[in-house]
Amino acid sequence: MEPVDPNLEPWNHPGSQPKTACNNCYCKRCSYHCLVCFQTKGLGISYGRKKRRQRRSAPPSSEDHQNPIPKQPLPQTRGDQTGSEESKKKVESKTETDPFD
């Protein structure tokens, strides 16, 4: 490495700044132009103020899209209520008849 003049500020060291100015091109070569170009173009990182996007205005024909949902009856669960009790009784009878040892 070449010795650097200690009186120079770090941003004025030779090779610290590119010879050409930054531009708006997003090609691969321009994206790697300098650290700033790489961060903004290559990585998409910018710390500037973000522009506020305007919301789209609603079309004049639609009102507020607040149409109520029509009430629907809750589905009734249908099935044998005694079916589960019968299966429990079968399991109990099997456990009683099976010897453990």
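Glycine is no exception: its Cβ is also placed from the backbone N, Cα and C atoms.
The feature Zn(2+) 2 binding site is assigned by Swiss-Prot to Cys25, Cys27, Cys30, with sequence analysis given as support. Summarising the environment of Cys27 (Zn(2+) 2 binding site), the number of other Cβ atoms within 10 Å of its Cβ, over all protein chains shown, is 10.
What Swiss-Prot lists as compositional bias 'Basic and acidic residues' is 85-101.
Annotation comment: Swiss-Prot describes Lys28 (among others) as N6-acetyllysine, evidence class sequence analysis. According to DSSP, Lys28 (N6-acetyllysine) is assigned to a helical segment. Taking the Cβ of Lys28 (N6-acetyllysine) as centre and 10 Å as the limit, one finds 9 other Cβ atoms among all the protein chains shown.
Contacts of Lys50 (N6-acetyllysine) defined by a Cβ separation under 8 A and a same-chain sequence distance of 6+ are given as none. As annotated by Swiss-Prot, N6-acetyllysine applies to Lys50 (among others).
Sequence-distant contacts of Lys51 (N6-acetyllysine), defined as residues of its own chain at least six apart whose C-beta falls under 8 angstroms from its C-beta, are absent. A coil conformation is recorded for Lys51 (N6-acetyllysine) in the three-state DSSP classification, outside any helix or strand. The feature N6-acetyllysine is assigned by Swiss-Prot to Lys51 (among others), with sequence analysis given as support.
A 10 Å cutoff on Cβ-Cβ distances gives Arg52 (asymmetric dimethylarginine) a total of 6 other Cβ atoms nearby, all chains included. Residues annotated as asymmetric dimethylarginine in Swiss-Prot, with sequence analysis given as evidence: Arg52 (among others).
Around the Cβ of Arg53 (asymmetric dimethylarginine), the same chain contributes no residue under 8 angstroms that is 6 or more positions distant in sequence. Residues or ranges marked as asymmetric dimethylarginine by Swiss-Prot on the basis of sequence analysis: Arg53 (among others).
The region 'Cysteine-rich' annotation in Swiss-Prot covers 22-37.
Taken together, the residues of the region 'Core' (38-48) have an average pLDDT of 85. Per Swiss-Prot, region 'Core' is recorded for 38-48.
What Swiss-Prot records for 47-101 is region 'Disordered'.
Annotation note: Trp11 (site 'Essential for Tat translocation through the endosomal membrane') sits in a helical segment as assigned by DSSP. Shown in sequence order, Gln17 are the residues of the chain, 6+ apart in sequence, with a C-beta less than 8 angstroms from the C-beta of Trp11 (site 'Essential for Tat translocation through the endosomal membrane'). The site 'Essential for Tat translocation through the endosomal membrane' annotation in Swiss-Prot covers Trp11 and rests on sequence analysis.
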| field | Sparsest-packed among the binding-site residues, when each Cβ's other Cβ atoms within 10 Å are tallied, from Cys25, Cys30 | value | Cys25
| Rounded to a whole number, how many Å is the Cα of Cys27 (Zn(2+) 2 binding site) away from the Cα of Arg52 (asymmetric dimethylarginine)? | 27
